[in-house]
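Since the structure comes first, as structure tokens, the remarks are kept for the end.
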Amino acid sequence: MTERKEILQRLCKGLWNYRSIALIVLTPLLLLPLLLVVGTKEAECAFVLLLMATYWVTEVIPLSMTAMLPAILFPMFGIMKSSGVAKEYFKDFHFLLVGVICLATSIEKWGLHRRIALRLVTMVGVNPAWLMLGFMSGCAFLSMWVQNTSAVMMVMPIVEAVLQQILKAEEVGCAGEDNPNLQLDGTWISSETLLSCSVAFTVPLDSGRSLVCPPAAPSRSKQDLMVCKAMCIGIAYSSNIGGITTLPGTSPNLIFSEYLNQIYPQCNCINFGNWLLLCLPISVIMLLLTWMWLYWLFIGSDFRFLWRCGGEQSEREKAARKVIEDEYKSLGPMSSQEIFTAVVFLVMVLLWLTRSPGFMPGWASLFPHHLGFITDATVALLLGLLFFILITWLNPAMISWREFQASMPWKVALLVGGGFALAEGTKESGLSLWVAELLTPLGDLPVLATITVACIIVTTVTEVASNVATITIFLPILSPLAEAIHVNPLYVLIPTTLCTSFSFLLPVSNPSNAVVFGYGHISIMDMVKAGLGVNVIGVLAVLFAVATWGGPLFSLDTYPDWAPVLPGFNSTTP
């Protein structure tokens with residue numbers, strides 16, 4: 001009996017090891033009836049869509065390589081010419097990404113992120129609850145302008161150093177030792193590299209690199225452990241919450257914006273300014289409610305600290321304040337490179353906000369003969385180029401090509417290009433029209449109910465698939481859905497795009513969660529319990545936003561002229 005059980009275990013283990021090969025081979029075989037039985041252009045495009053969706057969700061081959069399938073299969077099936085598919089792989093999105101990454105590289109190289117985070121933390125105080133809010137606010141603000149994973153890697157070393165000082169103060173009963181270099185028990189921690197201690201483990205990142213993290217220091221009490229859990233999970237979640245605030249803040253936002261330009265070229269509704277007006281209140285609401293939820297879940301239900309101020313500081317609070325103040329002093333005065341980076345950052349935001357604000361003419365109207373030619377990508381690329389132009393005046397240079405190349409998410413660029421090619425293929429083959437006609441009966445449901453179901457589905461899928469893959473799969477499905485029920489496409493696409501970033505449940509849901517999980521303070525069940533509540537908060541906040549101020553901001557209650565009217569609908573139907 002024991003031998004039979006061991007044989008069965010070995011067999012199961014062997015089959016599990018070959019699961020990737022099985023999925024790669026079996027998926028196209030199972031989808032073959034679409035080609036052999038149906039054989040229409042719509043069916044052939046559906047074959048490509050379902051094949052890519054399966055490979056993206058299971059990640060049996062690299063995501064960026066799956067994105068190359070349209071370049072192979074669309075010409076083979078006669079859906080699009082190879083030259084036509086190739087054009088979809090490099091869009092305005094990529095220029096915007098290049099400019100933003102130039103800025104992010106300079107911010108991280110010259111330590112401006114550390115100065116911003118520490119300043120925000122010192123503004124709110126060192127009580128554990130306020131300290132958590134300060135770090136969450138700092139991480140959320142950084143995530144508005146840099147990749148979410150980068151923001152977490154910038155902030156977490158500071159958080160870990162503060163936590164270690166708090167634990168040390170609790171253990172020895174003093175205000176903590178002088179630790180200006182953020183050393184964790186003799187181990188130097190930086191945002192670029194985390195060196196291992198006596199016991200270490202590795203967290204895989206999307207970029208193929210590995211992050212080696214130190215183990216958590218032993219806590220002296222359950223309260224210490226709970227503070228560590230709340231602080232770390234708060235950092236992971238705030239990076240996603242802050243990322244939705246701006247168009248370049250997270251990849252799904254940029255993909256959505258470029259998708260609109262591609263599928264609805266007459267739609268000029270989305271720009272940096274009105275997206276910020278919609279999403280900044282959402283982020284603030286989510287951040288505050290998430291902070292209170294995590295405090296209640298891990299630390300306690302006593303919220304009297306909200307209106308209680310002053311009083312004698314505990315040894316823990318003195319330890320936290322000392323390490324923060326020492327670290328901020330160690331930064332010294334702002335360098336010329338930091339000042340230049342901050343100026344470029346402010347100018348970039350100002351130009352984005354004023355290019356075409358909508359309620360008044362923007363600076364783009366200074367070029368009346370070229371309306372629509374200048375985009376946010378033009379601004380980002382121009383200012384990003386300044387970091388390289390100044391290489392002859394500043395020594396050392398602001399950024400080098402090698403540093404930019406290391407920060408540029410080329411995998412995301414290819415993955416997004418594959419999504420654009422897939423979207424164009426669904427349009428050319430007629431699959432999008434077929435899906436729209438199939439979904440027409442959903443028009444009998446209340447619009448908000450349909451959007452709620454779509455948000456829940458997207459939020460569920462994004463927990464097990466990458467955010468970029470999820471939005472790429474669902475945009476070609478949800479857009480025809482909006483046309484089928486004769487609803488403004490923005491009414492469906494905006495909330496579902498935002499919900500794509502709500503991957504809070506698991507460490508593998510996104511790299512930000514994995515980085516924080518690697519510090520060893522939290523378990524998977526901690527993240528699941530906390531993530532369920534934050535998912536509910538996020539979906540409700542998004543639905544509330546589109547049902548209130550989002551309506552008049554984007555005219556969501558009217559069917560726009562730039563969207564097609566399907567047969568059977570009157571163009572004047574409200």
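In case you wondered, yes, glycine gets a Cβ from its N, Cα and C as well.
Pulled from TrEMBL:
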TRANSMEM  20-39  transmembrane segment
TRANSMEM  46-73  transmembrane segment
TRANSMEM  124-146  transmembrane segment
TRANSMEM  275-298  transmembrane segment
TRANSMEM  339-357  transmembrane segment
TRANSMEM  377-396  transmembrane segment
TRANSMEM  408-425  transmembrane segment
TRANSMEM  445-478  transmembrane segment
TRANSMEM  528-549  transmembrane segment
Annotated stretches the transmembrane segment (46-73) and the transmembrane segment (124-146) touching (3 or more Cβ pairs under 8 Å): no
Within-chain partners of the transmembrane segment (445-478) [C-beta distance under 8 Å, separation at least 6 from its ends]: 49, 52-53, 56-57, 59, 63, 206, 250-252, 255-256, 259, 412, 415-416, 418-419, 422-423, 426, 431-432, 435, 485, 487, 491-493, 495-497, 499-506, 508-510, 535, 538-539, 542-543, 546-547
Whether the transmembrane segment (275-298) meets the transmembrane segment (528-549): three or more C-beta pairs under 8 angstroms: yes
Same-chain residues at least 6 beyond the ends of the transmembrane segment (408-425) whose Cβ lies under 8 Å from its Cβ atoms: 45, 48-49, 52, 62-64, 66-71, 74, 79-80, 84-85, 88-91, 93-94, 97-98, 101, 147, 206-207, 251, 254-255, 258-259, 262-263, 431, 466, 468-469, 471-472, 475-476
